[in-house]
Amino acid sequence: MVKTHNLGFPRIGAQRELKFGLERYWNGDATRDELTALGAALRRRHWSDQRDLDLAPLGDFAFYDHVLDMSFTLGNLPKRVQDFHGDALDNYFRVARGRSAHSAHEHASCCGGVAAGEMTKWFDTNYHYIVPEFHADTNFSLDPSRLLQQLAEANAQRVNAKPVILGPVTYLWLGKAKDDSDRLALLPKLLPVYGALLDTLTAQGVEWVQIDEPILVTELDADWRRALRTAYEALETRRIKLLLATYFGQLQDNLELAVSLPVDGLHIDAVNARDEVDALARALPPTRVLSVGAIDGRNIWRTDLNAALDWLEPLARQLGERLWLAPSCSLLHVPVDLASEQKLDAEIRSWLAFALQKLAELKLLATALNQGRDTVADALAENAAAIESRRRSPRVHNPAVKSAVARIDARLGNRASAYPQRAAAQSARLKLPLFPTTTIGSFPQTAEIRDARRRFKAGELDEAGYRHAMHAEIERSVREQESLQLDVLVHGEAERNDMVEYFGEQLDGYAFSQFGWVQSYGSRCVKPPILFGDISRPSAMTVEWIAYAQSLTSKPMKGMLTGPVTILNWSFVRDDQPRSVSCYQLALAIRDEVLDLERAGVRVIQIDEAALREGLPLRRAQWPAYLKWAIDAFRIAANGVRDDTQIHTHMCYSEFNDIIASIAEMDADVITIETSRSDMELLDAFDGFRYPNEIGPGVYDIHSPNIPTQEHIVGLMRKAAERIPAQRLWVNPDCGLKTRRWAEVLPALTNMVAAAKTLRSELRNGL
């Protein structure tokens, strides 16, 4: 009999209950007991949702981040929080956010307290994890309380649970040695703690543990391969069964290694590695389980179940009970339940599957394999009809858009002049000081803004009333910026619910959910739009708002756009054509908007490419092809303007030392980047590469509520000036300020502007 299991379930709740519970707790409006009770209630519900599985995951729930959870399980707390009094939950949030709940007096390290842990992308997804921190003298100690508590809950609910833990080698690989020591040198100290954890779970009657080593789908050198072998040979002696889980890609040159590791089962991402399944089935020892990730855990399209059965049936005959079925990866990356989407177009809705629907697909596949297709014939017929509807729909295919993409040539991506000529023209037009100050785009989304948007969508506020409310918020943002004496202003994006969804709502070829939320980090959730068809722009999307904002000030007002690569990477993207084609379609639409902004008199236009790096394939051998079309798409979008129009781009969470040449090829006049959490480490890229244009290294971490001091910002910019000529440096935050409160934003920006003035004075005086 084929078994079913799941690698992980969305933790935020179908209605974002975890998000709101966390924020109530952080704001002092909920107690610790109320927060922990909410977590327990969500786990109970999620296990109930997975009751038809043979094995449900346990330990996939986290209050902030599962990698941070693993750090606490292993006793690996950053040194800066070890001396704080209070319990583990206090320290947990200190590492995640820079402060515990209810502790407004705690500030970042720049201000005498604790800095939030560095945050970066989880492989090539839009989820972010807190980076484990290591030193040569790091020690580990087991704290199994989180897993044991959840195991007790699962047992009380009579759930057949499979604990999920991050594997030791991936854990080290994901982390950062703060003293540049060798992370792998810690493996001998780490493995006994993993062994003790497995022994603890064995003593509790656990049969299977899922141990995730997704680095097996990346390019590994000999040391990391040797570490994997060492780790699993050391853990082999434990009396518990290990399911080694890989996901997000193909094993390729690691396939032989994965097969040879002494574990009891191996999970493979069969969505991306379908052509490796047969080889694995032949190569695995005759007692080993092969778990096949046959359902896409990262996208929301329905599975073609009949096509899946065509290749699963021979596999089931070959492997019998050694075949397990699962999603390709954790369902953390998809929304919870399509049944909530009552306002979504019925035809498009019929093409989709969220987490609960994917589990139903899993059950249907297992039933067909175990009992025959005839037992689920009606469900298979309905699935086939939906697949065919999508394939043939004229809503998906637009001949005019396809023709426009076919006409793209290299000239479309080129500026009229090289950067030095453009810089001179822009300097004459903009007349900015040294160390010009700006922000990245958004200002706080206040309760008043959210209420106006809610009432407008509910029909309680007419369009004129909504525009009046948004104009008032835009004017407030402009006046605050003028008072702060910022040099290049933004309109604050009051009218935007999300930097991708806002544009998708105005593009043909997109659809939108009401409850399609997924976790980005902590309490931050995003609702990716659904790119289902060919993309076109029926009319201008931002010009009216930016033109109004510019009318309020004589200072330059930035037009704010999201770039084609980021819109693509932060959407649920159609899987029936290459991603590059969809990206070129988006680029043409954004290009039209850029030119409309320029015609409206906008002198500075920012095209955010926050997600450029996250689209990189996990294997470097595949990077050149991706970077070619991604950079081409940005250039198509940006480069139709005059020399004296200044193009900015922004990247957040982007470690791009290894793609700096490609970043330069974008040829943006100004690039702003996230650097503060890494203490300007990202600027190491400029030690060996002379970046030709202007750059704004982020000088404070907007993801933390802590207020940076003027002195701290000056210090960071001095570091930046060691690598970038001061004449080409901008001063700006790391990211947009949407998630912060005005009470946090105003003092932070006050200090930032004061720091810029200090830097100008130092430069004039030759300091």
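Each residue, glycine too, has its Cβ placed from N, Cα and C.
Swiss-Prot names I440, G441, S442, D608 as L-homocysteine ligands; from the candidate set E480, E482, E493, the record adds E493 to that same site. Per Swiss-Prot, the candidate among E674, E711, E762 that belongs to the Zn(2+) site alongside H650, C652, C735 is E674.
5-methyltetrahydropteroyltri-L-glutamate is bound by R16, E17, L18, K19, R524, C525, W570, E614 in Swiss-Prot, and the record lists one more residue there from K121, K431, K719, which is K121. C652 (Zn(2+) binding site) is surrounded by 23 other CB atoms, counting those within 10 A of its CB over all protein chains shown. Cβ-based neighbour count (10 Å, all protein chains) for S442 (L-methionine binding site) stands at 22. C735 (Zn(2+) binding site) sits 8 Å from G441 (L-methionine binding site), counting Cα to Cα. Long-range Cβ neighbours of H650 (Zn(2+) binding site) (same chain, at least 6 residues apart, Cβ-Cβ under 8 Å): I440, G441, Q606, D608, E609, A610, I671, T672, I673, C735. Of the candidate binding-site residues, L18, K121, S442, E493, the one lying closest to C652 (Zn(2+) binding site) when CA atoms are compared is K121. Among the recorded positions listed here, namely S442, E493, E674, H703, H703 has its C-alpha nearest to that of R16 (5-methyltetrahydropteroyltri-L-glutamate binding site). Summary of the L-homocysteine site environment: with the site residues I440, G441, S442, E493, D608 set aside, the chain residues having Cβ atoms within 8 Å of the Cβ mean position are T439, V490, M499, M560, Q606, H650, C735, G736, K738. Nearest neighbour of L18 (5-methyltetrahydropteroyltri-L-glutamate binding site) by Cα distance, taken over the recorded positions S442, E493, E674, H703: H703.
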